[in-house]
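Undergrad: Submitted below is the structure of interest, expressed as structure tokens.
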Amino acid sequence: MADTWSIGAHAFTSRLLVGTGKYPDFPTMQRALAASGAEVVTVAVRRLDLSKKGEESLLAWIPKGMKLLPNTAACFTAEEAIRTARLGRELEMGDLVKLEVIGDRRTLFPDVEGLIQAAKVLVKEGFTVLPYTNDDPVTAKKLEDAGCAAVMPLGAPIGSGLGLRNPYNLRIIMETVQVPVLVDAGVGTASDAALAMELGAVAVLMNTAIAEAKDPVLMAEAMRAGVEGGRKAFLAGRIPMKLHAAASSPMSGLIGS
């Protein structure tokens, strides 16, 4: 039986979501996206150059069959994010939107108040909202209450590659909300992706870790394996951590005893 997951009316098999920024060129991006096995690819609406057509357009290099997830990157107010989400829908990218309202240009941490404000408006307009948020369980719950279809807490600052800095809060978020939790931002390597899945994340979204790797295509394959391995480990159930050793074989009935 396939291990599927869903957001709103959309169902997926791959638990790795990928981005389109920072690649050295479009052909490399295309090969990496294909190697990742991802079904969802996020695109920054404000950074799309609509004047470019054919092979000059980023959209032309996205593998066929991938679901577009427009995002509101580079929006610093709720109003900007709302307008950008509407533009994405007008461009026929669908009702899914990765909602970003940035509060600080240096850290790219989210503006929580603006995020919740924008989420409420977009939910009322029929969008399936996936908000990029901090790792605060209280904020995650407020976003769920606002009608968001999922929450996407950061593992670390965007593009930092620091890995999951606060796995404890991520775990609390997963226990607090009923909607899917996707870890977004900060992943640096495959073990980070595996850890996110082992904690119980429904999926992981990343861009820089693949795009800026020395070999983006190989890293995409590694991230795919990391996500799949972490998911299997979560389903299998890890053994409890113990302070002292526990022998694998019985200590009684030993030869010579």
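Using the three backbone atoms N, Cα and C, a Cβ is placed for every residue, glycine included.
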Undergrad: If I go by Swiss-Prot, which of Gly159, Gly229, Gly230 binds 1-deoxy-D-xylulose 5-phosphate at the same site as Ala185, Gly186, Asn207, Thr208?
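TA: According to Swiss-Prot, the candidate sharing the 1-deoxy-D-xylulose 5-phosphate site with Ala185, Gly186, Asn207, Thr208 is Gly159.
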Undergrad: Given a 10 Å Cβ-Cβ cut-off, pick out the one of the recorded positions Lys98, Gly159, Asn207, Thr208 that has the most other Cβ atoms nearby.
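TA: Selected residue: Lys98.
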Undergrad: Between the Cα atoms of Ala185 (1-deoxy-D-xylulose 5-phosphate binding site) and Lys98 (active site, schiff-base intermediate with DXP), find the distance and write it as a whole number of Å.
TA: 12
Undergrad: Please name which of the binding-site residues listed here, Gly159, Asn207, Thr208, is nearest in space to Lys98 (active site, schiff-base intermediate with DXP), Cα against Cα.
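TA: With Cα distances computed to Lys98 (active site, schiff-base intermediate with DXP), the winner among Gly159, Asn207, Thr208 is Asn207.
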Undergrad: Would you list the other residues of this chain near 1-deoxy-D-xylulose 5-phosphate - those whose C-beta lies within 8 angstroms of the C-beta centroid of Gly159, Ala185, Gly186, Asn207, Thr208 - in sequence order?
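TA: Result: Ala156, Pro157, Ile158, Ser160, Gly161, Val187, Met206, Ala209.
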